[in-house]
Structure formats: structure tokens, C-alpha cells
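Enquirer: Before we start, here is the structure in question, set down as C-alpha cells.
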Amino acid sequence: MPKARVYELAKELGVDSKTVLSKLEAMGEFVKSASSTVEPPVARKLRNAFASSGQGNASDSKKPGHTAKKPAEPASHSMPKPAAPSAPKPAAPAAPKPRHAASKSDAPKPGHRAPRPGESRQHGNRPNGNAPRPQGGDRRQSGRPTAVPGARPQHGNAPQGGNNANGAKPHTPGPRPGNNPFSRKQGMHTPTPGDIPRPHPMNRPSVNNGEGRRGGRPGQGGGQRGGFRGRPGQGGAKPGQWGQHRPGQGGGQRPAGGGNRFGGNGGGFQGGNSAPSNGPARGGRGRGGAAGAFGRQGGKSSKARKNRLAKRQEFQEMKAPVIGGVRIPTGNGQEVRLRQGASLADLAEKINVNPAALVTVLFHLGEMATATQSLDEATFQILGEEIGWNIKIVSAEEEDKELLQQFDINLDEEELQEDGDLKPRPPVVTVMGHVDHGKTRLLDTIRRTNVIEGEAGGITQRIGAYQVTVNLEGEPRKITFLDTPGHEAFTAMRARGAELTDVAILVVAADDGVMPQTVEAINHAQAAHVPIVVAVNKIDKPGANPDKVRGQLTEYGLVPEEYGGNTMFVDISAKQGTNVDKLLEAVLLTADAELDLRANPDMDARGATVEARLDKGRGAVATVLVQSGTLHIGDAIVAGTSYGRVRAMLDENGNHMQEAGPSTPVQVLGLTSVPTAGDLFLVASDDRTARQIAEKRQATERAAQLAKRRKVVSLESLKEQFAKSEVDMLNIVIKGDSSGSVEALEDSLMKIEVSDEVGIQVIHRGVGAITQNDVNLATVDKAVIIGFNVRPNRQVADLAEREGVEIKYYSIIYKAIEDIEASLKGMLKPEYEEVVTSHSEIREIFRSSKFGNIAGVMVQDGEVKRGTKCRILRNGIATVNDLEISSLRRFKDDVTSVKEGYEAGINLGTFNDIEIGDIIETFEMQEIERK
């Protein structure tokens, strides 16, 4: 059914549009103007409201293709009182007459079975024209009879209309269109004033709250079809009780041949409801009207119905402010929590709006983004201020804590432990300092092993974790050591080591003194509130000056005890092993004096990943430091985005362990992937929980990376960005032997800045050998593969050679940085400068019909070459630039060049504007090196 507009309804009801708008507003329906459309249920309510108030001309709704009929007036104001009821009795089929008043006797009698909805077509006969009419007086209303709402046709086994059971006040019938959609008057019977019946009330058995028979199936109306007899026992309803009927119940009686064009009742309402003038129609789901003459569905579409929630939401949207052409419900300062890397779709789900509306608002604010694109915090803040929501981006720590709380895991559980459950644990000591100041040599001396020979260039490329036993006053004490790199590329790894440690040993060479990485190590330790023990190393070397080191460190807040401070200094020689035992005693004394190192070994293990790598035979191998609890073989663990079950545990010497207590470093086997160095690990209740936590972290990490990479495109800078040439990117695939080395190499490469014209993009990073997938990825993206302490097998190397993929191998990190920086400089677009090669004076002009003007010149300096660029200088002013020497002759011979002091003939192609005395200056564009 097409939607009616407000001015059409006003014209139909006989009132002005302002009255209709006021009425709609009073009904709770907010319409903008007289040209706005109104839903069919709302139009029906409007007609009922005008009919009940006696204002306007209430008429039935119009079916598609029907013209509006003159509305009926309530008969209760002028109709005579019906006669006394008479006993119901069967009557012969009634002849086609105008509609009669409905009566309760239309319902089936007790003991009679109500016919099924489909029986009317099979058993219904044409009405008999000899049936008597109900008694009633004649009356005129506005020159034509009025329709009687609620009246139903007389049926073969129903009591006659003259025997009404109660004092119903019927309406006089009005004409209805025929069943033929091509003729409006087929089957029409226009009654005369004498034909208007006067109904008589009669008793009606089996009445339920005054309601008539239940409606037929959807699309089948209660009114009788034109030319067919109604079903036996089909009841009507009392006028004034239409508000109690469901949609789909029968409507009024219809004369023979006067059925609705689309079937259903004569009221014209979908679902079989007529439009009474004395009661509002109820909503809800009914059985609908008849299917119509040509099988069209007469019932109301379920999509067109609106429940209260939809109307309330529509009302709220109408009150919402309009931004960029869309309505967004204002938040009034309410807080919305979003994770890092969230998209507009995530925000739309939180505030219950359409994501497309937020895209439009963001575009209105000058930024373009898709609904699923990750946005940064600044963009969300701008959007939140515009729509009235306080958008708060949850930090990674808070988000991870909320994630674990979903699985009943409390990270603050250890703080709630009772003192009786806590037991002493060994201190975790980090060895920090500048590169090549002897950190690894010191650990080598402590552990009595030789690990420095395995490090490329004598530089530690990864974090090592070891545990040693020290005798302090005859009592064995354990100390856990972490070795952090000293190279400047490993800033993140030093910071991570400071976060895991309890006491820091700062190694400073006595001959070098304080260096840049020494200051950085001090800052990391002080930021983590870690006590520092200074080891002044290399005191056995010539030129060593420990007092100079003490004086330099005083400037950074490390005052020795002999100077009145609280920092312990120990002069050692890691190579000779001098005073190493005193250094260990100083570490234990500092830990006992300043720290309360206790943990609960009976809880589930928690800790941090120190380093991780991919072993060819054992898979992912992670070195973890247990900080609290005890880790057992068979525990389900999750470390960052990796998860698995502990299959084996090894100590630093390769010995198998069954459990690992607090402050114990251990190698764990059994993870499905290689975790990142620094990821926290914890024990989950089962494998399923560990997998779900890891997968949720993977999704969060990916969204955060997308938000970090997102380039903000604003409308102001869009034209400028289009004008600029695209930046040439060097795509890189990084593979390394450990996660710490890969992380450090990536961070160092991303810091390289050569020019705005070139850049680096790491498209993939991973731990382990170079695989075929890496080569395929590099082939597609035209990338360079960097292998850090890893090599491909023969098949992968052959594939890379066939595909033309370059693989570079490095074992020292700064060598890789230098090569990549040189490659970026080679990618720069070349710059050119102009170099003048010769000057030639025109002394004669020869005119040729074939070649034009030919200049006879004398080469004054340099060398004139054919095909070079040139310009004309006249009185020292360049008249024409970007000419080309198309022909060069020496007498009658074509030559390629003419040197200084010789005469030549020069033709400049189609350019003939030359004069005697002009100078022809030749030049070349030579490429210069970019720096």
C-alpha cells in the first residue's frame, strides 16, 4: 500500500493540513511538513481519531487504485432505536443488498462447528434474492446512504438481520467497488432511501468480550465476496467495540458484486479490518485480508509494522542533532571505552548507531576513514567532542587485564596473598653497561663458561638468563642473572631487562669511563626504581682510573659509600677474576637491605619471556623467568599471542627440570609459535582457555598495528598529497634467530632517515630460518630478505635465485643498518645540473629551401656535438632555450663533433630566427650524487 501524504489525508478528511499535523503530534507521531508521508497504520489511527471526535469526514482507507468515497457518519446520532429481539432462526440465502448492521447472532451457535477459512470458496453459494430485509425506517444522510462499520453479510445458516440481540447502533451502507479491477461499478447497487434497512437486535450465543469470530488466514478478509454467499456462522461485532478487534477480523457486509478490487473487506484496510468511526483500531498481527481477485496479497507486510521500540527509537533519532546530514544520538558526556586500534564499527556498536552515519560525520569533520578502519586516539577524541561522547581509549595493560578477567584470571592476586604464604626468593640481577665494557666477560667468569666466543664481534645480540649459587657467610644463596646488550640498537631490550630485575649491576670500564650506553642504562634502572651496584671493570689495564669513574657517576646521582652515598662500588677485573666474589656479596647485601624479595610458590606460575627463538628440531623455544608461583611440566601456558602446553623444561646448562619456582630462568618447549621477548606468560586452566586468550590478543595486536600504520587523510591536505609524487618504499622481510634480535633490528631500520622521497616498510618479520613463504612474499611485494644469523636451505635459495629475490645475511646489527642506509640512498631520484659544453658565434647565415636557415659558426670554446641541447644568446640575453642541434657539418661532411677553433655549419631544425652575431651555447644535464 502506498504511503499517504499529510495534505492528501487533510483533503480526504475535509480539514486543513495544520489540523492534521497538530493531531499527529498529539498522537505521538512527529511529522515535519504537509508533504511528508505517513505510514498506513498511522493514517488509520488518524482517521479513527477524527471519526471519534466528529471532526472532519472520516472515511475508509483507500486501497491502491481506488478513489476516495464519501465518509460515513456515525449512525448512533440519528438512527432510530432497533426493535425488540426475536428468536433466531435459519433463513434462506439473502439477496444482494446494502450492508446491514452487525449483530452478535452472526456467531455460530453452540454445538455448531465453525467453518475453516478455506471452506467459503468451496461451499459458498450465491445469495438468494428472495430473502427478507430487516425492518427499519428510511432516512437520508447527505443525500446518499452511509456505510455501516462492523456489519457483516448474512449467511445461509445465520439468523436474519432483523433479529438483533442488543441495541447496536448500525451505520447505513455505502456503495463499494466491484471485484473487477478494470471496472469500478461492476456489481454496484446504489440503494434508494427506501432500501436502507433498520436493523433489529438479537441475542448472540458464545460471545467472548463482544468480539466476533477470529479472522481468516492472512490475506483473507471477513467481508463476503461480491456474488458469493458468506460462510455459515460468520459473526460481526457491535459498533463501538472495534478497538477490541485484531487486524484480520471480518469487516462489514458487502453487497453482491461489490467486493473489494483486491479482496478483503470493504473497509479497504490491509488485514481485513474495516475503518470504524467510533473506535481506534488495534495494531498487532492478524490473519489479514483476502488474496484479491488476481491472487495479490491483501495482508499487511510485516516489515511495515512498527512496534513500540522502533517508534521510540525513531522518536529519539528525531530529537538527535543533525551532523553532516545524518542524525546521531548525543551522548551528553557519557563515557565510552574502546580498545587501541578500534574502528568506527566498534564505536557504532557501543553507542547503537549505524557505522555509515559515523563515517559521514567524520567526513564532515574533514577526515576520511572506512567503517572497519582502525583509528588513532586523536581521531576518536575529535569525533567524540562532535557527537557528545567521552571516548576513552583503554591502554594495552588495562585492556589485557579486562581480557583476563573474562577468564577469571586476576593479575593482582599476588598482592592479595597473606604473609604466611610468601617465601623468600632469589634476586634477579641485570648486568648493564656500555658496549665492550666487559658485561659478558663478567658473566663468563661468574658462570665459569665461555659464551662470548659465540657472539658475533664480541657483542651480545640477545638476552641471556642464568642462575648461579653463591656462598654468603657459609650459606648457599642463588642469584639469577640477565645479560642485556650494550649496543645502541638494543634500547628496548635494556629497558625490558630493567623491568624484570631486582638489582642492576652497572659495568663501567675504568679506562673508558662513562659512555652513552652507560647513561642510558642508568636512566632505565632509575626509571624502574631498581637499586644499582657499580662494577668498575678493567682495573688491570694500563691507564685505568677508578676514581675518575666514581666522579663521573656522581653527576648522575650514584654517590659511592666512601663519599657518603648509598651506592656500592666494587673494583673488579672480569678477565682476571679479581674481586668478583665481593661483587656478588654486594649484590646480596643490597637486595637484603633494600628489598623484600618474597613470592608464593604454591600458586599458578606467572612471569615474563626473556627471549625466544625457533629451533629446527624442537620448534619454538622460549626462555622465561618465573616471577611467582611454580611452573610444572604439562601446564597450559599463554605468553603474549603464543600458547601451548609445557612439554619440557631445561635449565641454562641443558638439564631437564620437572618444576621451576620463583626467580628461576628456564627454557620452555611446547609453544605453538614464537612469543615476543618481554611478553608476560601465565598458566591457564586448560588448553582451550589459553588458546582463546591468545587469539583475542592476536586480534587486538593486529588492530593496534593497523591504527599505528594509518595515515590520516584530511580534506585540506588531500590536494597537496595528490600533487606530491609517491614515496618509494623499500620493502623488507626480516628473519632472525631470536625475537629480541629481530625486534632490535626492526627498530633500528625504522629509525633510518635519508629523505622524504624514500622510506622503509617491514612487511614481515619472524624468528627462524628463511622459508619458501618468505621468498614468495618477497617476490610479490618486491622486497629484500634480511637474514640475521639464519640461512635458507638449498631449495629456498634456488627459488630465490629463480625469482630474483635478494637475500642479505648479517651477523652484526650495525652492518645491516649501514647496508640498508646505502640502499635507500641509491633509491633516491637523481638530481641533475646543467653543464655548458661550448660557445659558437654565428658569422654567416645560409638559406636553404630544404633545411631552412643554416648557421655558419666559429667554435669559440669547448666542443660542439650533434644532438646536444643549446640556446641562442643575443646581446647576452637568452632568447630561446631548449633547442637541439639537429645537423652538424664541417664543409660538406656530416660530423658528430667540432672542437674549439674550427668552423662548422649548424642547423637547428625548424628554428630559423637567427642573426649574425648570435651565440649558440650548448649544454648537457649531468647527474649529481645524492647525499
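Placed from the backbone N, Cα and C atoms, the Cβ positions cover glycine too.
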Enquirer: What range among 418-422, 458-462, 598-602, 893-897 does Swiss-Prot record as region 'G2'?
Expert: 458-462
Enquirer: For the annotation region 'G3' in Swiss-Prot, which listed range does it cover: 311-314, 475-478, 483-486, 695-698?
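Expert: The listed stretch tagged region 'G3' in Swiss-Prot is 483-486.
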Enquirer: Any idea which of 337-340, 517-520, 537-540, 873-876 is down as region 'G4' in Swiss-Prot?
Expert: 537-540
Enquirer: Looking at 433-440, 657-664, 833-840, which stretch does Swiss-Prot describe as region 'G1'?
Expert: 433-440
Enquirer: How about long-range neighbours of the region 'G4' (537-540): same chain, 6 or more residues beyond its ends, C-beta under 8 Å?
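Expert: Here the qualifying positions are 437-438, 441-442, 507-511, 546, 571-576, 578.
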Enquirer: Select the most exposed residue of Gly433, Lys439, Ile539, where exposure means the fewest other Cβ atoms within 10 Å, treating these as the binding-site residues.
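Expert: Taking Gly433, Lys439, Ile539 as the binding-site residues, the minimal 10 Å Cβ count falls on Ile539.
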Enquirer: So, by DSSP, how many helix, strand and coil residues make up the region 'G1' (433-440)?
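Expert: Looking at the region 'G1' (433-440) with DSSP, the answer is 2 helix, 1 strand, 5 coil.
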Enquirer: Return the count of C-beta atoms lying within 10 angstroms of the C-beta of Asp436 (GTP binding site), excluding that atom itself.
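Expert: Taking all protein chains shown, Asp436 (GTP binding site) has 17 Cβ neighbours within 10 Å.
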Enquirer: Reported in the order helix, strand, coil, what are the DSSP residue counts of the region 'G4' (537-540)?
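Expert: The breakdown for the region 'G4' (537-540) reads 0 helix, 1 strand, 3 coil.
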